[in-house]
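Visitor: So TrEMBL has the following annotated:
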{"type": "DOMAIN", "residues": "B:20-262", "note": "domain 'Thiazole synthase ThiG'"}
{"type": "ACT_SITE", "residues": "B:110", "note": "active site, schiff-base intermediate with DXP"}
{"type": "BINDING", "residues": "B:171, B:197, B:198, B:219, B:220", "note": "1-deoxy-D-xylulose 5-phosphate binding site"}
């Protein structure tokens, strides 16, 4: 299936979870947040939240600013 | 060792704390992190500044990034203040704030909703709308705002924990363009007033405190200085000096001389 990960189209295996997507982008244990179709997914729900076809997943972290 | 009177009265000690939403800070200098040449320099500058609260932005993860500003803050024991930089609408700001809360485990947010890229001036309508929504959602909101006393009052009325009027546009280094408005905001405010944006050098930071601001928030003036660490020291001292001057009560300005020595004996 295809999904949009951080703005880029990506092919994902069926059954891929939000936790899988996060692990593919960063090894950071903290300081990371996820939005699935613009809604925040709490860290505790990452492993149990599947990514569906055409979902938009954004994985964000703190960067220099402000 | 006994401390001197001057040391006991040091404004940057717990005897004159900055209190925002019930949280106490020794330092009245809030730092931003944008523009530093490296994380190493940023880390040294933050330490030199004495800051306890520092803003960060939320952006998509870069898988190739080396180190992170989040690590720098944690290593230095500095609390993060996630901002909503880059947001142009209240809806955008709410989404970004929620991501910052989830990532950094704090319900504090620096609300920043700008109107356009050229000036980065706050959009007053969206800012007020966003402030209301964020307060309703349980955030402790520190709102970046224009130097408009009426808007500052409205932001306080909807529940902001601090109002942060600009001195001049972000990154401009033009200092405080309308000191009179800053004074008006300070006179009326029941929450801390933090001068945010426009600071170019130490005297600007001192002036903000002399005008009665409770704290100063700055980034570019330090991070893009030729020697960021030395400028961070300067800002720390300027904020402290300005605060002391405010507490001490300055002399009135006079048009003509007022002799400081007694008249000569006739």
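In case you wondered, yes, glycine gets a Cβ from its N, Cα and C as well.
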Visitor: State the count of C-beta atoms found within 10 angstroms of the C-beta of residue B:220 (1-deoxy-D-xylulose 5-phosphate binding site), not counting that atom itself.
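Guide: If we count other Cβ atoms within 10 Å of residue B:220 (1-deoxy-D-xylulose 5-phosphate binding site), we arrive at 19.
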Visitor: On a simple 10 Å Cβ count over all chains shown, which one of the binding-site residues B:171, B:198 is most densely packed?
Guide: B:198
Visitor: Other residues near the 1-deoxy-D-xylulose 5-phosphate site, CB within 8 A of the CB centroid of B:171, B:197, B:198, B:219, B:220?
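Guide: Sorted by sequence, the hits are B:32, B:169, B:170, B:172, B:173, B:199, B:218, B:221.
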Visitor: List nothing but the largest Cα to Cα distance in Å, as a whole number, among the residues B:171, B:197, B:198, B:219, B:220 that the record says bind 1-deoxy-D-xylulose 5-phosphate.
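Guide: Those residues reach a largest Cα separation of 10 Å.
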Visitor: Checking interface proximity: list the recorded positions among B:110, B:171, B:219 whose CB sits under 8 Å from a chain A CB, in sequence order.
Guide: B:110, B:219
Visitor: Do me a favour and check the Cα-Cα span between the residue listed as 'active site, schiff-base intermediate with DXP' and residue B:198 (1-deoxy-D-xylulose 5-phosphate binding site); whole Å is fine.
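Guide: About 16 Å separate the Cα atoms of these two residues.
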Visitor: Which three-state DSSP class does the residue listed as 'active site, schiff-base intermediate with DXP' fall into?
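Guide: Its secondary structure by DSSP: strand.
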Visitor: If one looks at the chain holding residue B:219 (1-deoxy-D-xylulose 5-phosphate binding site), which residues at least 6 apart in sequence have a CB under 8 angstroms from its CB?
Guide: B:31, B:32, B:33, B:34, B:35, B:55
Visitor: Along the domain 'Thiazole synthase ThiG' (B:20-262), what average pLDDT does this model show?
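Guide: Mean pLDDT across the domain 'Thiazole synthase ThiG' (B:20-262) comes out at 96.
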Visitor: List the residues of the same chain that sit at least 6 positions away from residue B:197 (1-deoxy-D-xylulose 5-phosphate binding site) in sequence and have their Cβ under 8 Å from its Cβ, in sequence order, or write 'none'.
Guide: B:144, B:166, B:167, B:168, B:169, B:170, B:171, B:172, B:217, B:218
Visitor: When a 10 Å sphere is centred on the Cβ of the residue listed as 'active site, schiff-base intermediate with DXP', how many other Cβ atoms does it contain?
Guide: 28
